[in-house]
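J.: Below are the features I grabbed from Swiss-Prot:
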type: BINDING; residues: 487, 493; note: Mg(2+) binding site
type: COMPBIAS; residues: 699-712; note: compositional bias 'Low complexity'
type: COMPBIAS; residues: 727-747; note: compositional bias 'Basic and acidic residues'
type: DOMAIN; residues: 554-613; note: domain 'KH'
type: DOMAIN; residues: 623-691; note: domain 'S1 motif'
type: REGION; residues: 691-747; note: region 'Disordered'
């Protein structure tokens with residue numbers, strides 16, 4: 001019944017198996033990928049008719065993670081998989097980027113690739129398997145897929161490169177890099193790194209590239225045995241058509257490209273296609289040429305003009321040389337109510353960035369195949385239509401926005417302080433207010449500025465730069481800080497972010513074959529110099545984190561209590577903790593280890609909540625002084641309420657140094673008095689005294705007994721007086737039981 005074909009290879013000590021002919025047999029291409037206990041089904045379907053006139057290749061990649069792959073039922077009301085998660089979007093883009101450039105340029109048939117995770121093994125990288133499976137499925141389909149792609153993941157642990165590291169190993173790795181390519185070229189790189197040198201990054205790419213070559217071999221073997229006839233493709237347009245357009249309109253195109261302003265240049269270029277189509281109207285009616293052929297030939301001429309100017313004259317659209325960076329302007333603190341803000345402008349690309357602090361309750365909950373976890377740092381990239389002067393409605397975040405946001409997240413995440421050093425959750429929102437190339441790298445620069453202005457103790461400022469490439473034969477030019485048109489007509493989009501010491505994120509997309517490691521070496525070094533120049537400009541505005549947080553930032557502190565007291569703070573049905581939150585206006589987060597984090601909008605609210613928690617969780621010591629309230633007056637003494645919910649008795653002899661006739665002559669119900677704990681009776685009731693209590697230092701925050709885990713407190717990060725210009729010190733609070741500081745703007 002089944003004509004199953006299987007190919008396998010031992011890869012990094014595990015068997016990688018590709019098979020076809022058993023599942024999804026009606027799809028143009030279908031491959032089951034197995035490694036360990038991970039199983040993926042990857043399919044490719046090609047539309048029978050071309051979709052001409054759309055101006056782009058209609059390729060859609062969908063990566064899906066099925067809940068049953070880990071033996072789970074999806075949450076939510078409908079109990080089924082729904083909208084793609086950010087993780088699924090990111091892996092879909094990861095598959096798309098190395099594959100898209102490898103189709104015949106004239107191929108415009110709608111093509112759908114679906115990669116479904118059917119069984120999940122945390123010891124295997126399913127994103128890598130998805131790229132391999134998608135490439136294999138396309139190689140079996142009729143699509144004119146010109147070369148076969150494979151991929152690998154590279155980690156760096158204890159100075160050694162590790163192929164396809166497990167999730168557990170990645171936690172200790174200095175590098176998380178995905179590289180994809182063909183048998184002779186790298187096509188795509190995506191990475192997050194902990195301040196690695198350019199040489200290390202290049203070596204990691206080489207290591208990954210060499211590692212996936214055996215995988216390409218078995219995909220080729222599978223394709224040879226099971227492939228279907230490929231669609232026959234013609235040239236995108238006749239060479240004679242291009243020559244005729246060039247003869248008639250090249251001067252006008254060159255004049256338009258000579259305009260430095262993006263808007264004016266685009267306006268002039270947009271007028272040309274209509275003139276060209278009008279000239280060839282009779283040929284279109286006679287079906288000698290199609291609109292799509294004419295527009296494609298025109299685009300090719302535009303590309304030739306731009307590329308020749310760069311390669312032959314070392315001159316770019318805006319007049320810069322290949323290494324020049326556009327003019328940079330930085331501004332901080334322009335949004336008074338935000339916790340931190342910055343405006344970063346580089347030429348005609350601009351990003352408005354804000355930083356907001358939250359509590360651990362504001363952390364993003366992520367439900368993935370690995371299980372549920374919380375993300376403390378969130379970065380949202382927004383690309384509104386007005387940034388490129390388009391009249392379009394605002395929509396939900398696109399795949400591009402999710403991808404650009406994640407790249408910026410990778411660039412910033414390695415330099416953030418840990419939760420002990422900085423207990424807040426952090427959200428950064430970067431809105432691209434103008435765009436003419438490299439908006440994701442403007443996001444990185446703006447985010448670094450906004451975080452420093454907000455007072456986040458980052459390890460070092462971070463900047464990002466987008467590099468381009470124009471290559472004809474053996475001649476090539478690497479471009480620093482590319483424009484939108486240079487990205488569109490160029491051969492590479494190479495984004496590098498990092499500090500002055502090393503790289504934190506790298507993303508590379510190559511549109512052509514033949515980009516070797518020599519070109520990549522030149523690009524990395526040129527990017528390093530550009531990054532240092534941008535950092536120099538940023539440092540003129542702010543070079544280190546402010547020493548104080550915004551006055552709008554929440555105050556926070558963390559205390560450690562006995563685990564047995566957690567239930568008392570929560571109360572039946574959460575009654576007690578709700579009452580504390582409602583009366584104080586604070587937020588409280590309790591961990592299983594007895595850590596209690598309290599967040600409030602100001603110092604007073606924080607203190608109210610903290611006092612209430614201590615009243616429940618902390619036992620007073622003999623000799624401690626408290627403010628107490630007289631609850632009931634008797635002939636023999638008075639009952640006093642102190643430390644929230646605790647009661648004690650003051651005997652008449654302990655009320656005053658002088659003899660008194662009656663208790664009521666000195667104390668009345670509701671009176672506020674200072675009392676000292678002097679012991680406990682045989683029933684465990686507290687014995688208090690008022691005598692001389694007001695002469696001692698009072699405390700409503702007693703030091704807990706040793707049997708309460710010493711109730712150690714870790715205060716919110718203290719900021720020194722900015723006028724003293726003292727540096728951040730993560731250990732500055734170790735000698736303090738409690739430190740709650742008001743936050744003020746840094747001037």
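Here the Cβ of each residue, glycine as well, is placed from N, Cα and C on the backbone.
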J.: Cβ atoms within 10 Å, counted per site: which of 487, 493 has the most, among these binding-site residues?
T.: 493
J.: Mean pLDDT, the domain 'S1 motif' (623-691)?
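T.: Average per-residue pLDDT within the domain 'S1 motif' (623-691): 87.
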J.: Over the span of the domain 'S1 motif' (623-691), count residues by DSSP class, listing helix, strand and coil in order.
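T.: The breakdown for the domain 'S1 motif' (623-691) reads 6 helix, 34 strand, 29 coil.
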J.: List the helix, strand and coil residue totals of the domain 'KH' (554-613) as derived from DSSP.
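T.: Result for the domain 'KH' (554-613), in helix, strand, coil order: 32 helix, 16 strand, 12 coil.
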